[in-house]
Amino acid sequence: MLTLRAPAKINLFLLITGRNESGFHLLDSVFCFTHDLYDEIIIVPTSATENSVKFIGASQAIGADNSVSRVLRFVNDYAKRYFNVTLVKNLPVAAGIGGGSADAAALLRYFGGLHNISEVLLSQVALSVGFDTLACLYSHPCHVTGMGEKIVALPESKLVYPILLVCPNFPVSSAEVYKNFRERRSIFSAESNLAGDHQAFEDMLSLPNDLTDAAIEIAPVISDVLKSIKNCKGNKVTKLCGSGPTCIGVFDTVENLRDAHSELIRHHKWWVKIAHISL
């Protein structure tokens, strides 16, 4: 038996810079990953000729054709091996923090090492699972452009940043948010011009998330979450993470961060967590 960790994905900003010939949106974002907030994946090989996948603690129902099952089917074809997988969902489902992508990426990392699968093939499988999965496969601070396939690693400092994550118990489809963005906006953002250089944490956070209005239109509760975080003492930055509905809060002191955590838990039935990232 083996247990893997699949950390949450955090977008410090998310710019939509255009669309490609196939109509897919092009993004410009920096991804970071939480040190202390993750799904847990328990893997047990089986002599059976089929996989079993069990989810524990999922905030929403997860269909049979999910990111974990897709990776397992790839491993079945590649290595002719089957597994019983139990996934402890500490991250909310369809929440904009890459839970499904992170789960798939953690499995790909493990099976890639176990069966000496080439990096090129792993990358192809990751992109076939989801646009965030490739960045989650590396699970290191990175500048992501294109459809998620262009990744430049950022030098990770020893600085650790505490953040507040708040998710209303309301799943949001990334596809629906991008569709809504396409229907309501025709002007795209300029690229951030990071070019892989290390930038200050605050500078990156000052850049917007272009999906915010589109996400709020689908899930108005996001606006309530953003306002609630912003109204907490010592709040410096409040923004949507990914396509939502999870929102990020950054505070001037750890004490104010902890107070905000306690206050939001006391007044709302939301998923509220303190996590730490490096950049």
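Backbone N, Cα and C atoms are what each Cβ position is placed from, and that goes for glycine too.
From a predicted model like this one, the values you see are computed outputs, not experimental measurements.
What Swiss-Prot annotates here:
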{"type": "ACT_SITE", "residues": "Lys9", "note": "active site"}
{"type": "BINDING", "residues": "Pro92, Val93, Ala94, Ala95, Gly96, Ile97, Gly98, Gly99, Gly100, Ser101, Ala102", "note": "ATP binding site"}
{"type": "ACT_SITE", "residues": "Asp132", "note": "active site"}
So which other residues, same chain and not among Pro92, Val93, Ala94, Ala95, Gly96, Ile97, Gly98, Gly99, Gly100, Ser101, Ala102, have a Cβ within 8 Å of the centroid of the Cβ atoms at the ATP site?
Ala8, Lys9, Leu91, Gly242, Thr246
Going by DSSP, is Lys9 (active site) sitting in a helix, a strand, or coil?
strand
In the three-state scheme derived from DSSP, which category covers Gly98 (ATP binding site)?
coil
Return the residues near Lys9 (active site), defined as same-chain residues 6+ apart in sequence whose C-beta is under 8 angstroms from its C-beta, sorted by sequence, else 'none'.
Phe31, Cys32, Phe33, Ile97, Gly98, Ser101, Ala102, Asp132, Ala135, Cys136, Gly242
Local Cβ density at Ala102 (ATP binding site) - other Cβ atoms counted within 10 Å:
29
Write out the long-range same-chain contacts of Pro92 (ATP binding site), meaning residues 6 or more apart in sequence whose Cβ is under 8 Å from its Cβ.
Ser59, Gln60, Gly99, Cys167, Asn169, Pro171, Thr246, Trp271
